[in-house]
Amino acid sequence: MSTAPAGPASAAGRPVRLGLRENRVQFTLLVIVNVAVGGLVGLERTTVPLIGTEVFGLTSDLAVFSFIIAFGLTKAATNLAAGALTTRFRRKQLLVAGWLIGIPVPFVLAWAPSWGWIVAANVLLGLNQGLAWSMTVNMKIDLVGPAHRGLASGLNEAAGYSAVGVTALVTGYLATAYGLRPTPELIGVVFVVAGLALSVAARDTAAHVALELAQHDTPPPTGPGTGLAATFARTSWRDRSLRGASQAGLVNNLNDGLTWGVFPLLFTDHGLGLAAVGLIKGLYPILWGIGQIPTGHLADRIGRKPLIVTGMLVQAAGFVLAPVLLNRPLLAGITSAIALGLGTAMVYPALIAAVSDHAHPAWRANALGTYRFWRDLGYAAGALLAGVLADALGLNATVIAAAALTAASGLLAARWITGTRADAPAVGARASEDARAGEPAHRRLLPAVRYGLGDQLNDVHVHVGERGAERAAPSAGAYKWSTSSR
């Protein structure tokens with residue numbers, strides 16, 4: 001799986017190579033780190049909404065869901081800042097900082113004297129997730145090089161979301177046996193200790209970023225058009241495809257935020273115990289996580305748009321199943337979780353790939369940061385929508401409204417996102433043809449570095465020698481990157 005010859009030496013004197021096999025030890029370490037990242041947020045999936053109603057006596061659904069709003073707003077803002085932060089700090093520094101911020105979270109969840117403490121803990125959790133999750137995927141992508149971006153992203157997300165699901169399942173059983181607090185929350189201490197220790201042991205990937213950028217055929221653009229403000233506008237509304245991906249990402253995580261708060265209350269109201277609720281809440285992210293490995297590969301083969309549109313419609317169907325089958329609540333919960341998990345697995349890697357397809361590596365970090373801002377803002381939007389609708393219309397009507405919104409988002413994605421797939425000719429040949437035809441530089445095809453985040457050379461203190469004739473092998477396709485609205 002090597003993608004490049006040996007490059008410059010790292011700060012520790014080791015030769016730098018891109019590829020999964022060449023960096024398997026560090027890659028595996030970072031996969032385990034993301035298991036801890038996912039496990040920490042998985043602590044809340046089953047028990048925290050019930051802590052709000054049963055321990056603190058909250059009667060308003062909006063008040064119960066306020067912890068998700070705090071988490072979503074903080075994580076979204078951190079995602080947006082992450083691209084800029086990588087120009088000032090090393091990946092490893094941000095990863096360790098994320099874990100230091102997360103240390104108080106399990107203790108506050110276990111012994112919080114009031115609901116306000118739970119909400120405050122979720123601000124810290126949002127910072128932890130925004131930094132730690134972002135940096136684990138950044139560093140894996142740096143290690144493997146252009147040819148294995150999809151696999152790296154798929155393995156990272158599979159590890160994280162599978163851990164979310166397994167932890168939700170385990171906390172449900174622990175809550176059944178020992179109560180809602182403190183035992184289920186204290187397994188988070190294991191995640192914090194393991195995540196922090198392994199993050200300290202990890203090596204920074206600045207030299208890998210330098211090597212990859214040195215192997216690019218086309219110099220990166222510079223100027224105000226590559227900055228955060230311009231890229232935010234381009235990704236949010238100016239570019240049709242990026243706008244379509246951003247709205248789909250927002251609704252996708254709106255669904256997760258809504259089910260995070262609504263499903264435990266809905267199914268306990270219909271007679272299910274904590275273990276059964278934990279099974280439902282665990283099954284959704286487990287399928288979401290594991291399913292991203294084949295769907296990420298499929299997105300590289302058939303294109304992004306079919307998976308995005310189909311995945312959103314499958315999620316909408318999953319919401320419909322919950323109230324339709326509610327007279328058999330366990331069946332309703334399991335079938336809904338399966339559909340939601342599979343639909344999300346189809347959408348998640350395809351959306352990241354679609355954004356990367358339309359962004360030049362010079363501003364891709366900011367484009368992906370903007371996309372992830374809107375995507376994770378969906379947690380807060382979902383909790384807010386769920387709280388307002390549940391208080392006004394009830395939990396069943398809230399689920400039906402989510403189904404309609406998700407279907408509408410899928411149709412918007414079908415209208416706005418342009419199809420991209422890995423069937424373009426070789427990068428060098430196509431770029432030469434474009435140049436001979438007089439096509440402007442901003443329309444030339446570039447190597448498909450699909451999932452890179454924060455590919456800046458700022459603060460990269462390594463020497464890159466002559467590139468020579470050998471270059472990293474491009475992945476199967478080459479994609480146009482957008483600089484204007486469509």
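Every residue gets a Cβ built from N, Cα and C, even glycine.
Features of the protein shown, as given by TrEMBL:
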- 25-43: transmembrane segment (TRANSMEM)
- 63-82: transmembrane segment (TRANSMEM)
- 94-112: transmembrane segment (TRANSMEM)
- 118-137: transmembrane segment (TRANSMEM)
- 158-180: transmembrane segment (TRANSMEM)
- 186-202: transmembrane segment (TRANSMEM)
- 241-486: domain 'Major facilitator superfamily (MFS) profile' (DOMAIN)
- 307-326: transmembrane segment (TRANSMEM)
- 332-355: transmembrane segment (TRANSMEM)
- 399-417: transmembrane segment (TRANSMEM)
With the cut-off at Cβ under 8 Å and a gap of six or more residues from its ends, the chain residues touching the transmembrane segment (399-417) are 240-241, 243-245, 247-248, 251-252, 254-255, 258, 262, 266, 304-305, 308-313, 315-317, 319-320, 322-323, 354, 382, 385-386, 389, 393
For the transmembrane segment (94-112), the distant same-chain contacts (Cβ-Cβ under 8 Å, at least six residues beyond its ends) come to 33, 40, 43-44, 48, 82, 85-86, 118, 120-121, 124-125, 127-132, 134-136, 139, 181-182, 185-189, 191-192, 195-196, 199-200, 202
Whole-number mean pLDDT, the domain 'Major facilitator superfamily (MFS) profile' (241-486), equals 78
Among 158-180, 186-202, 307-326, 332-355, the stretch with the most Cβ pairs under 8 Å to the transmembrane segment (25-43) is 158-180
With the cut-off at Cβ under 8 Å and a gap of six or more residues from its ends, the chain residues touching the transmembrane segment (158-180) are 31-32, 34-39, 41-43, 45-47, 50-51, 54-55, 133, 136, 187, 273-279, 281-290, 292-293
